[in-house]
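J.: Once you've had a glance at the structure underneath, I'll fire off some questions.
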4 protein chains.
Amino acid sequence: MALIKVAINGYGTIGKRVADAVDAQDDMEVVGVSKTGPSFGCELAARKGFPLYCTTDESARIASFSSGGYECRGGLSDLLAIADIVVDCAPGKMGADNLSKYTAAGVKHVFQGGEKHSLTGLSYSSNANHAENLDADGTRVVSCNTTGLSRTLVPLYEHCGSLKVECTMIRRAADPGDSNKGPINAIKPVLKVPSHHGFDLMTVKPEIEINSLAVAVPTTLMHVHTIIADLPEGHGLTTESVIEMWRGTPRVVVMHGERHRLTTTAEVMEMARDIGRKWGDLHEIFVWEDGVKLVDDRLYYFQAIHQESDVIPENIDCIRALMGTEPDWRVSVAKTDRAISDYYDL
Amino acid sequence: MALIKVAINGYGTIGKRVADAVDAQDDMEVVGVSKTGPSFGCELAARKGFPLYCTTDESARIASFSSGGYECRGGLSDLLAIADIVVDCAPGKMGADNLSKYTAAGVKHVFQGGEKHSLTGLSYSSNANHAENLDADGTRVVSCNTTGLSRTLVPLYEHCGSLKVECTMIRRAADPGDSNKGPINAIKPVLKVPSHHGFDLMTVKPEIEINSLAVAVPTTLMHVHTIIADLPEGHGLTTESVIEMWRGTPRVVVMHGERHRLTTTAEVMEMARDIGRKWGDLHEIFVWEDGVKLVDDRLYYFQAIHQESDVIPENIDCIRALMGTEPDWRVSVAKTDRAISDYYDL
Amino acid sequence: MALIKVAINGYGTIGKRVADAVDAQDDMEVVGVSKTGPSFGCELAARKGFPLYCTTDESARIASFSSGGYECRGGLSDLLAIADIVVDCAPGKMGADNLSKYTAAGVKHVFQGGEKHSLTGLSYSSNANHAENLDADGTRVVSCNTTGLSRTLVPLYEHCGSLKVECTMIRRAADPGDSNKGPINAIKPVLKVPSHHGFDLMTVKPEIEINSLAVAVPTTLMHVHTIIADLPEGHGLTTESVIEMWRGTPRVVVMHGERHRLTTTAEVMEMARDIGRKWGDLHEIFVWEDGVKLVDDRLYYFQAIHQESDVIPENIDCIRALMGTEPDWRVSVAKTDRAISDYYDL
Amino acid sequence: MALIKVAINGYGTIGKRVADAVDAQDDMEVVGVSKTGPSFGCELAARKGFPLYCTTDESARIASFSSGGYECRGGLSDLLAIADIVVDCAPGKMGADNLSKYTAAGVKHVFQGGEKHSLTGLSYSSNANHAENLDADGTRVVSCNTTGLSRTLVPLYEHCGSLKVECTMIRRAADPGDSNKGPINAIKPVLKVPSHHGFDLMTVKPEIEINSLAVAVPTTLMHVHTIIADLPEGHGLTTESVIEMWRGTPRVVVMHGERHRLTTTAEVMEMARDIGRKWGDLHEIFVWEDGVKLVDDRLYYFQAIHQESDVIPENIDCIRALMGTEPDWRVSVAKTDRAISDYYDL
């Protein structure tokens, strides 16, 4: 079977990870990645063997790459012309602009969670609505936070039949490689109440009732969610059985904070580096076993989200959904994870 | 009328503030403060004119003060002998030890929230249970976090008649003057679930049903609470009327994050410095007006707590309660605040 | 004698402090402060009784203040018309623009260290070149870092007759009330080598030979300088005599890190709050006694600089220099400090 | 030729990296690693196939590993009995205690920079004194900071014949996976002046005259050195030729801050993750090309040191020195680096 030809438009924090993940699969290939101009990212692409394109079609821009010693194969149009599907990893809110280009080129397209649901009218999360996305022209992989909620709440919902959730998101303020953003010594509440994060889960699983509040704090490592989920009567669950359920859930890792000495996000990230994950990433959602507690029908738990990486495998599954090559989300997830968990599984 | 003679046992972060607050009142006086040995705090006490005592009765310790050039008037026993009441501001968990000394000396005693309720079997919060503490021998002023919850939830409870609350506490990890504690770049969940903070409110207001989750984050400025309160049917409140209620509540300040450009705890603290409060303290609980929202019967809001200072005026009211000199909490609160809000009211 | 009429153009971090310092003197008064529009700063000015003006003359802007409930007395021209001298505390690089307005209005003017020496061709530091500034039309108070270098190095130079200095500046990245700037978890070298900071000292004391390197670090509290000064042969100094010299130097405070438990900038700032300084400021340069060491002819020491406040008293002395009312810098410094060290001297 | 049998005593931050580095070489093998008790590190060792031993010989301790499901092969004595050489990666100051055990067992030994030079009377740095360590019984690999100084200063010294250096060390306060240490928001000077770091270089290169000052800052990523080196007359170097010299120096990487957008330690660390280094390590010393400047005979530059990893390859070379298997440091360095720079060279 022919490999799916994937273009990566924007080779930055997310794009470079998606490119490696695509490259690791046996049913797809990277036909090109794009950059705005010469930089260390071009060198990285060159060393990895990904053909380099410019994010625009301006000839002056395209020519500028050679000044840095890089070979640029052409503009975005040239890249789209050889692709079956494009993963949009452009920063900011360039969605509407890019969407028209993708549509004009007749190329399927996957946006990231920085764009709104309304851009494509369709969103994606592997365990929530893979089937709904089969053969669609374009969609949006939901944000790192929404993906994290989907991972632990969807199986809970499927067991219980209904769910009412409140979540407080304690967000890291900047990526590890970002040195411009603050606050250095403050807590910043997101004063839009409830915050948009909870609602966003309903774009892929409208049956889950959820609200959220958010604050930003001065750390570069992982978001943390404190979650309160009200289960319906007769749910039949216990603290232990919830933990067991998540142990059997793909892309959720349950470890014990005290016993494993993983009591903060710093130690969780060190563990990800220990097991040899690329970039020290942890695409699984991390749940502290000793932080889960069911009190009557109210479930309390903490989870940590690795912002740069939890959506990476979702993009791979999403490519298969849009291309219609794998209708079963569980099969796709297993295939994706086997290919990218290069060192070993948790 | 004779002034109430107050001893401060432990002249550190809390003790130095309580001493100044007592000193500012017209119905009480500081008869002495205690330190473990010579240090900058002794100089501070000397300059403020507070007689200096040693936290123990060991003669070698008492003598050690003169090596630093400070006059020590004697040991703890000497201090207790001239006091009507002692405010225990000792660090750590020295409560049981100190309690027996206070009892033996026949001196009334006020502990801080670092001690457990069980130590005295009685706790105190000005707006929750002043009456219950009248003429008691000893009590405990609840912690900064519990005091913060009491301030906004008790008036809400009194209006509604019942209340069910969930709170996520985003705790600063260290005091501004503390340079030993971390984490520098991590989020640390408190893995005891639910955390003890919420339950503690029930020691002063058992009618409010409350649970909490907590995380520590790398900042030295203020705790932030994200609060979800379920109001009973027929509460008759709106977002606006809740805000109005808090505007009329002592020691709660409601300001608009966006309009006043007070969008983080850093800016809130700068405002407290601007208005000339001693140590830049803010003993009021800070509620962001634009972060309050009532959705059906569920109320969402954020509040910020200045850890070193919100309990200071509570200690003053508590002294009056134990001494039985002011039965009406509202009268005491007004009197206390007039004396310490030296620059002007918010 | 008539009071010197001082206008403050820009009532922000520096402006609000200069206004209070002017207000505390008996030979000058604040005739007005300016803001760009309604905000919490306007409320602060109103409560302090400082007449409020707009930073421009646009009538729409001036009118906008009333929407916030503030009385604006007019535009910058109106403010300059009633002033003898203006202290420019405008943010950014608005110097050239403002200079022409001040000159046109015939008002003397003091700029801050954010502007370049070339703007006025004259700079000011109280202990370095007060005499040179007497009766000048305009000048620039050097930056917080240069002021800090001037405080400790000028007396050393005056004793020795020559001095060759290397300084590494470890700069805090943001003001305490600033929540936008990073880096959160990184060290950022200033890659212009040598940095401009050292050279800047030569604008007020050209006889001192000095270079510097700088890095920015994630803290909001004080800059720290590590300084290496080569003394000429026959200097006759010892570690102890250097310490004694600084003890007798105005606006330098020498304390012992270990003995006073002031081992970090956090603890130094807490000490400033303890002694009741407004905003918790420390306008003195802080030298760690146990960090001073003379090895042969090379002197090593650390000093900490409180960025928001060390230049405040310099602005007061500078006003007197330009107005020609006090030719002796030592007399002005003593007068200024007596008025603003409201709680007590260090 | 038989493989060198290497024991790793202490499988923590340094030990786990040394083990992987030994494992990657073709002339040595890991015969065992030790832990104090069951933890995530045991699991890591098990998955990597490193035999697990206990750091002591207590039978209760040894038995405790099975409770965590790990197979412990025995105590430290058992491990030493099968080793040619032991790399001591124990935390704290356990050197004297361990030294006697190693000597008793007749095993060669390599300590880390946390121990003092006086422990073995010999220290090691690959480019400074490999020859001096040939066939020795035991030595100490100098600390991360001293290793960093050695890398850039030794080639400079060898060119110039003499060198006088001053260094300010801006030290990160904690390792990335460490969540206990502060300060969160402060700068902490090391009040011992000059600090021990500079002197330590003289244990491996006594010809270089050097002093240093140090401060700790709230970051977990890399130390930064600001260095001032006085070159002797007639050195014949220029800014450009110094840069070229370092480009040709093993384990030094020179990149341009502005052109490569690597302006802070956060971005340098992200680059190390990009190129696929294990744990995101950078064992090279990072020099900012645009931060190097020779002014007359005084050279200024910045370098960044990755604390956990720069000494790792030094340990490998050191093993070869003590075993006497490779007398030429350049040959050993090339061999070591080829084996561990798994993704590609910088």
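Quick reminder: no glycine exception, Cβ is built from N, Cα and C everywhere.
Automatic prediction, not curation, is the source of TrEMBL annotations.
What TrEMBL records for this protein is below:
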ACT_SITE  C:Cys144  active site, nucleophile
BINDING   C:Thr13, C:Ile14, C:Gly114, C:Arg172, C:Gln307  NAD(+) binding site
BINDING   C:Ser143, C:Cys144, C:Asn145, C:His197, C:Gly198  D-glyceraldehyde 3-phosphate binding site
DOMAIN    C:4-144  domain 'Glyceraldehyde 3-phosphate dehydrogenase NAD(P) binding'
J.: Going by Cα-Cα distance, which of the recorded positions (C:Thr13, C:Ile14, C:Cys144, C:Arg172, C:Gln307) sits nearest to C:Gly198 (D-glyceraldehyde 3-phosphate binding site)?
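T.: The answer is C:Cys144.
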J.: Fewest other C-beta atoms within 10 angstroms of its own C-beta: which of the binding-site residues C:Gly114, C:Gly198 fits that?
T.: C:Gly114
J.: Identify which of the binding-site residues C:Thr13, C:Ser143, C:Asn145 has its Cβ surrounded by the largest number of other Cβ atoms within 10 Å, counting every protein chain shown.
T.: C:Asn145
J.: To the nearest whole angstrom, what is the C-alpha distance linking C:Asn145 (D-glyceraldehyde 3-phosphate binding site) and C:Arg172 (NAD(+) binding site)?
T.: 11
J.: Taking the residues the record says bind NAD(+) (C:Thr13, C:Ile14, C:Gly114, C:Arg172, C:Gln307), how far apart in Å are the two Cα atoms that sit farthest from each other?
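T.: This binding site's residues have a maximal Cα-Cα distance of 17 Å.
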J.: Can you tell me which binding-site residues out of C:Thr13, C:Ile14, C:Arg172, C:Gln307 are within 10 A of the residue listed as 'active site, nucleophile' by Cα, answering none if there aren't any?
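T.: Correct set: C:Gln307.
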J.: Applying a 10 Å Cβ distance cut-off over all chains shown, what neighbour count does C:Ile14 (NAD(+) binding site) have?
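T.: There are 26 of them.
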J.: Enumerate the residues of the same chain, C:Ser143, C:Cys144, C:Asn145, C:His197, C:Gly198 excluded, that satisfy the criterion Cβ within 8 A of the mean position of the Cβ atoms of the recorded D-glyceraldehyde 3-phosphate site; list them in sequence order.
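T.: Not counting the recorded site residues, we get C:Gly113, C:Val142, C:Thr146, C:Thr147, C:Gly148, C:Leu149, C:Met169, C:His196, C:Asp200, C:Leu201, C:Ser212.
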J.: Please state whether DSSP places C:Gly198 (D-glyceraldehyde 3-phosphate binding site) in a helix, a strand or coil.
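T.: In three-state terms, C:Gly198 (D-glyceraldehyde 3-phosphate binding site) counts as helix.
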J.: Relative to the Cβ position of C:Arg172 (NAD(+) binding site), how many further Cβ atoms are located within 10 Å?
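T.: Neighbour count, Cβ to Cβ under the 10 Å cut-off: 26.
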J.: In Å, how large is the greatest distance between any two Cα atoms among C:Ser143, C:Cys144, C:Asn145, C:His197, C:Gly198, the listed binders of D-glyceraldehyde 3-phosphate?
T.: 12
J.: So what pLDDT does the domain 'Glyceraldehyde 3-phosphate dehydrogenase NAD(P) binding' (C:4-144) average out to?
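T.: Per the prediction, mean pLDDT sits at 95 for the domain 'Glyceraldehyde 3-phosphate dehydrogenase NAD(P) binding' (C:4-144).
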J.: Rounded to the nearest angstrom, how far is the Cα of C:Ser143 (D-glyceraldehyde 3-phosphate binding site) from the Cα of C:Thr13 (NAD(+) binding site)?
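T.: With the alpha carbons as reference points, the distance is 14 Å.
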J.: Around the NAD(+) site formed by C:Thr13, C:Ile14, C:Gly114, C:Arg172, C:Gln307, list the extra residues of the same chain whose Cβ is within 8 Å of the site's Cβ centroid.
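T.: Everything else in range on the chain: C:Cys144, C:Asp175, C:Glu308.
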J.: Once near-sequence residues are set aside, which residues in the chain of C:His197 (D-glyceraldehyde 3-phosphate binding site), 6 or more away, have Cβ atoms under 8 Å from its Cβ?
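T.: Once residues fewer than 6 apart are set aside, C:His197 (D-glyceraldehyde 3-phosphate binding site) is near C:Ser143, C:Asn145, C:Thr146, C:Leu149, C:Cys167, C:Met169, C:Ser212, C:Ala214.
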J.: List the same-chain residues at least 6 positions away in sequence whose Cβ sits under 8 Å from the Cβ of C:Gln307 (NAD(+) binding site), in sequence order, or say none.
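T.: Non-local contacts for C:Gln307 (NAD(+) binding site): C:Cys144, C:Arg172, C:Asp175, C:Met222, C:His223.
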J.: What does DSSP give as the helix, strand and coil breakdown of the domain 'Glyceraldehyde 3-phosphate dehydrogenase NAD(P) binding' (C:4-144)?
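T.: Residue counts for the domain 'Glyceraldehyde 3-phosphate dehydrogenase NAD(P) binding' (C:4-144) by secondary structure: 59 helix, 31 strand, 51 coil.
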